[in-house]
Amino acid sequence: MLRKIKVTFIINDEEERTVEAPIGLSILEIAHSNDLDLEGACEGSLACATCHVMLEEEFYNKLKKPTEAEEDMLDLAFGLTDTSRLGCQIILTEELDGIKVRLPSATRNIKL
């Protein structure tokens, strides 16, 4: 049986939705499998910033540093914060049990 952890999505700064999610999947995959509005226009290929999310500092600090490619995409994200990451690049581990993921109120999809 796959080990699962709790992931709480914060929507529009008010609604919270907690789901159980299998370790090894990305935040983007979990959002999509739970019908949450996190776009992911490039389907996780690190070619857009539409899966931009904000994390609490505690969980942000548990992640590996963003790659240069992720940082380049984050520069295009709407409402960038110090704890912003791309949902497609956050892979769930046991250490992230209880993570809270804030969904932005808007995204910026730049078509190339």
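Just so it is clear, glycine is given a Cβ too, placed from its N, Cα and C backbone atoms.
For 5-107, the entry in Swiss-Prot reads domain '2Fe-2S ferredoxin-type'. Under DSSP, the residues of the domain '2Fe-2S ferredoxin-type' (5-107) split into helix, strand and coil as follows: 24 helix, 28 strand, 51 coil.
The Cβ of Cys42 ([2Fe-2S] cluster binding site) lies under 8 Å from the Cβ of Cys48, Thr50, Cys88, each on the same chain and at least six residues away in sequence. Summarising the annotation, Swiss-Prot assigns [2Fe-2S] cluster binding site to Cys42, Cys48, Cys51, Cys88 and lists sequence analysis as the type of evidence.
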Setting Cys42, Cys48, Cys51, Cys88 aside, what same-chain residues sit with their Cβ within 8 Å of the center of the Cβ atoms that define the [2Fe-2S] cluster site, listed in sequence order?
Leu28, Glu39, Gly40, Ala41, Glu43, Gly44, Ser45, Leu46, Ala47, Ala49, Thr50, Met73, Leu86, Gly87
Within the domain '2Fe-2S ferredoxin-type' (5-107), what mean pLDDT does the predicted structure show?
94
Taking the Cβ of Cys51 ([2Fe-2S] cluster binding site) as reference, which residues of that chain separated by at least 6 in sequence fall under 8 Å from it?
Ile27, Leu28, Ala31, Leu38, Glu39, Gly40, Gly44, Leu86, Gly87, Cys88
